[in-house]
Amino acid sequence: MSLSRIPYLEWWEASGASREDVDRASVTDSDEDAYLELPDHSIASSFSSLSYVSIRRPTKPVAGPGSDGSREVEAEVGPPGSGTREGTGIGSEGLPLDEPDGLPKTTGAFEVDRHKRIAQVCIAVLSCFLSGGIIFGFAAIKPILVKEGVYRDLCSQEELHQGVSVCYGQDIRLNIMFTTAAVATNLSALPIGTILDTYGPRVCGLIGSGLLTIGSLLLAFARYIPFDAYIAGYLSLALAGPFIYISSFHLSNTFPARSGLILAMLTGAYDASTAVFMAFNLINEYTDGFSTQRFFLIYLLIPLFVLTTQVTIMPETSYKTVGELVLQAEARIATEANQTVREASHHQETITKIQLFLTFPNSTHRIMSSIDRQTPVLPQDQNNHTPQTQTQTHKDPIQGTLHNLPARAQILSPYFILYTFFTALTTLRINFFLATIHHQYTSLLHSPTLANYITQTLTILLPIGGILAAPLTSIILNTLPTPSITLILVITGSTLCLMNTISSLPAAYTTILLMSIYRPFFYSASSDYAARVFGFRHFGTVYGLVIFVSGVVGFAQVGLDTLAWREGGVEVVDWLFIGVTGFVGGLWVSIIFLGVRRIVERRDLESAERERESLLVDSVAENQYGSTDNP
């Protein structure tokens with residue numbers, strides 16, 4: 001999920017959607033004079049839709065910036081028979097400036113007060129920290145549930161007579177509680193995405209608040225409820241998190257220059273939300289009587305906070321992306337062809353605001369030039385700054401290779417299949433580790449006391465790792481190409497599996513330290529890979545399917561829990577993960593490196609061919625000029 005970079009900026013460059021190379025109708029002197037007479041002040045109106053804007057699309061998949069070999073065609077997307085402006089392909093009449101019916105409404109961030117946008121981002125980060133992924137702090141709340149005797153009735157008389165701290169049936173049922181919640185978190189991605197696209201982020205926030213309330217009440221009064229309210233309550237908390245977390249992604253568009261930072265903050269807050277149960281664990285340990293019931297009754301303040309902020313401050317609709325803002329500006333420019341000066345002033349003011357909003361140090365030249373080359377005149381003074389061109393810090397040939405393919409072709413590609421398998425297996429591995437860490441290290445170190453120390457240390461490291469991993473993840477994703485990132489994912493994941501087989505206390509602490517950092521990096525890099533390789537045209541379908549498959553595979557954790565309780569079962573599970581994950585990860589990395597090699601070779605051939613054609617044309621022109629007879 002995530003995403004500590006600005007993927008849609010790179011997609012805009014890579015997909016060929018910019019109009020930088022489109023032939024445009026020239027602007028006459030009279031047109032320029034008319035624009036110079038525009039008034040300085042106007043009220044910005046709402047944006048138009050992407051649907052009826054002509055976009056230049058390559059006839060074959062582009063491979064990212066610098067791919068010059070694609071033959072482009074002009075594709076007009078709009079009502080049949082609509083007229084087009086010469087050289088632009090945008091309808092000059094009847095071009096809607098607002099979203100058509102049936103499409104979700106969106107808002108331009110420049111239309112909202114800056115301080116309000118800052119408040120919205122801060123509230124979203126706080127909400128994600130307090131509710132986003134609290135169920136993954138299961139290692140901290142599980143000892144409390146065991147101490148309170150939850151599912152103790154599942155223990156046999158022999159186990160009760162031996163006085164074991166946690167029996168087989170009790171441990172399996174508690175792990176099922178976590179497994180159900182973790183799987184539901186993944187399976188809910190598709191329906192939550194549909195609700196978000198249809199009804200907007202506010203509705204998702206309100207649903208999340210309701211689920212938090214239900215989950216808290218069920219867990220607070222579980223011992224008085226005739227059915228198994230622990231699983232139902234934990235499941236409600238699990239479903240609430242994605243509603244609040246996923247619906248906050250669009251806030252990265254509030255400040256395009258800081259989009260990567262905002263996403264990193266949201267991701268870090270989500271990962272650090274395990275600190276909620278860690279705090280509960282510490283309070284429970286050092287106080288007498290601070291029970292689960294009291295904690296979840298106090299926790300009811302969190303859904304109340306979410307409800308209040310959603311109704312009062314948080315946006316009802318999603319914010320527009322940079323790509324949408326550019327297309328909105330181009331659509332408005334196109335409509336000015338048949339307007340009077342008075343009618344055009346309103347749109348010109350909006351265009352100017354969009355330009356100023358997108359003028360930030362990290363903006364790209366292609367994005368701004370898409371507007372600049374269509375805008376006849378913009379106010380020029382000493383206070384205006386020309387957008388600086390950002391040089392990419394890495395070359396990533398594979399980025400954009402599948403952006404323009406249909407969803408079916410993307411899903412059937414080896415890039416998707418192996419990526420999905422690796423993501424599902426790694427997610428299963430992480431959840432299994434979190435749910436059974438105490439039993440694993442009791443088996444490896446032959447000491448329940450040492451296992452308690454390791455478990456307590458992990459509960460502290462998980463939220464800290466989520467915070468520390470955010471800047472590290474941002475640096476890696478912004479500086480390294482896709483093959484290097486996938487190689488890091490596979491090698492680090494395999495190393496963690498190997499270290500977890502070592503019966504050593506230092507190795508155990510090293511493993512949990514690396515796991516606390518690897519977990520947030522893995523989730524961010526996974527969504528980043530989907531954005532780079534598959535783009536955003538079918539991102540919801542592609543990434544949603546990956547998360548869905550991960551959820552289905554997550555049901556295997558029940559069988560792994562049972563296997564781990566057998567003699568030597570922990571080692572068997574660890575080596576099983578090492579073999580399967582290493583094999584799938586190796587194939588995935590090999591396919592990516594092979595694909596990059598082919599892309600680079602094709603580009604070199606195309607570049608050489610264009611160079612030969614250019615030399616041939618120059619030679620022919622020179623010969624024709626030299627053989628021309630003077631009259």
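Placement of Cβ uses the backbone N, Cα and C atoms for every residue, glycine included.
Record features (TrEMBL):
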type	residues	note
COMPBIAS	80-92	compositional bias 'Gly residues'
COMPBIAS	379-392	compositional bias 'Low complexity'
REGION	60-103	region 'Disordered'
REGION	376-396	region 'Disordered'
TRANSMEM	121-141	transmembrane segment
TRANSMEM	176-196	transmembrane segment
TRANSMEM	203-225	transmembrane segment
TRANSMEM	231-249	transmembrane segment
TRANSMEM	261-283	transmembrane segment
TRANSMEM	295-313	transmembrane segment
TRANSMEM	416-437	transmembrane segment
TRANSMEM	457-477	transmembrane segment
TRANSMEM	538-560	transmembrane segment
TRANSMEM	572-596	transmembrane segment
One stretch in 121-141, 203-225, 231-249, 261-283 has more Cβ pairs under 8 Å to the transmembrane segment (176-196) than the rest, namely 231-249
### Message
Between the transmembrane segment (203-225) and the transmembrane segment (416-437), are there three or more CB pairs that fall under 8 A, provided the residues in each pair are separated by 6 or more in sequence?
### Response
no
Given the transmembrane segment (121-141), its same-chain partners at Cβ distance under 8 Å and 6+ residues beyond its ends are 178, 181-182, 185, 205, 208, 212, 234, 237-238, 240-241, 244-245, 248, 251, 254-255, 262, 265-266, 269-278, 280-281, 292, 302-303, 305-306, 309, 313-314, 434-435, 437-438, 455, 458-459, 462-463
If one takes Cβ-Cβ under 8 Å and requires six or more residues beyond its ends, the residues near the transmembrane segment (203-225) are 127, 131, 150, 192, 195-196, 232-237, 239-244, 246-247, 292-293, 296-297, 299-300, 302-304, 306-307, 309-311, 314
